[in-house]
């Protein structure tokens, strides 16, 4: 309501009451004005009434919500279901134009404002998380893999002779397929084992650049966030190699925004060498539905070039989701989540260490990985290799999601490339192991329940192993043991966790 409306209201209701309501409205508008002026995430989160008022104000600026709108085109923001319209807060036109995902739409001033504000807030959060010199970013309505593909396709125009992408190995399908989909040939650089950790083989990377010739290399495709015992790539050293040979450097930072260590590596890489773009997932870092990513970098013109490579308009849903989330949390709320995640990592590490020692296993020493942990399964694998995958099945059927059980010797073919030891990031890791990660939003009760269920599963598998090994002197008629619920559940665990191999 504007001043004229409030003045008209004073004829019906006491002016004192109307003025009080006007002041309340102004407090909401003050928050919205600060957001539009500064383009930064507010320190304290907004309440739902302010958020919904803001979204409503933006939505009525789109042509599909004009009271007298007369649409005679093929794309007029018509929606058959009122439920769908409400789900999207009546933002129907999406973001961008046919030539640029970041462009302003004449028909949709509100959606265009939403897009610009979201990109500005996300840039602010990336700086807050540790990449202080980032200059540009945009939200793209694709997950990490396809967003990486968009980066590679953009580089194609800059480097017409290039056909190879140098890729320190990480066993995750989407980042590998992102290179294949873009039409390039991945050059896999095997990791080297240092203690328990798998680390970047810098000599092999540089040797491969020299062998192929810098002009024939599209870029180095490195990784920060990953499953232990693999640790983040040596980004600083890779950035220096890329700068020395004039090769672009694209970083897969899938769930690295939540880790100050991952973000520090990117910042340092850009400081001492070359980092052209880094890509991160919205769902993994900001707890929103799957379907969006952020492409960010240190050169405005290159990031704009990537945004112009996106063909057509795009869904506004990922932008809307992350905007609502960041305004609800505020920068203080997000910083609190980052702090809690670090605390949960320490807690999970301590609890897994205690449990592993109780079963004569050990927690792998991977100090360079700030998110993922790995616990050996040597005693299970030594007795029966099938017991390792059986443990994974048991955890899955007991509603433990996200844990990965990695057996020895797995073979996997991805887009025509065969990987030995798939999921372990190397051909021959010394032992089988189990992964668990401390990601943003994890609570103490999640860790406690996971440890409790893992303990039960390990006991059950051990019990079954003992029965199989103790075959001498057994009287088939002398089976008086009670069958507990874990043993009964074990018989149902016949499905191997193929979904773990597809985790992304």
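Including glycine, each Cβ sits where the backbone N, Cα and C put it.
Features reported for this protein in TrEMBL:
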type	residues	note
BINDING	75	pyridoxal 5'-phosphate binding site
BINDING	97, 98, 105, 313	substrate binding site
BINDING	271, 398, 463	tRNA binding site
MOD_RES	284	N6-(pyridoxal phosphate)lysine
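Among the recorded positions listed (75, 284, 398), 75 has its Cα nearest to the Cα of residue 313 (substrate binding site). Looking at residue 463 (tRNA binding site) and residue 75 (pyridoxal 5'-phosphate binding site), their Cα atoms lie 64 Å from each other. Distance from the CA of residue 97 (substrate binding site) to the CA of residue 75 (pyridoxal 5'-phosphate binding site) is 12 Å. The substrate site is set by 97, 98, 105, 313; from the centre of their CB atoms, other residues of the chain with a CB within 8 Å are 94, 95, 96, 99, 100, 103, 312. In this structure the C-alpha atoms belonging to residue 97 (substrate binding site) and residue 398 (tRNA binding site) are separated by 47 Å. A count of other CB atoms within 10 A of each Cβ picks out 284 as the most crowded of the recorded positions 75, 97, 271, 284, 398.
Its Cβ placed at the centre, residue 313 (substrate binding site) has 20 other Cβ atoms within 10 Å. Residue 284 (N6-(pyridoxal phosphate)lysine) sits 23 Å from residue 398 (tRNA binding site), taking the CA atoms of both as reference points.
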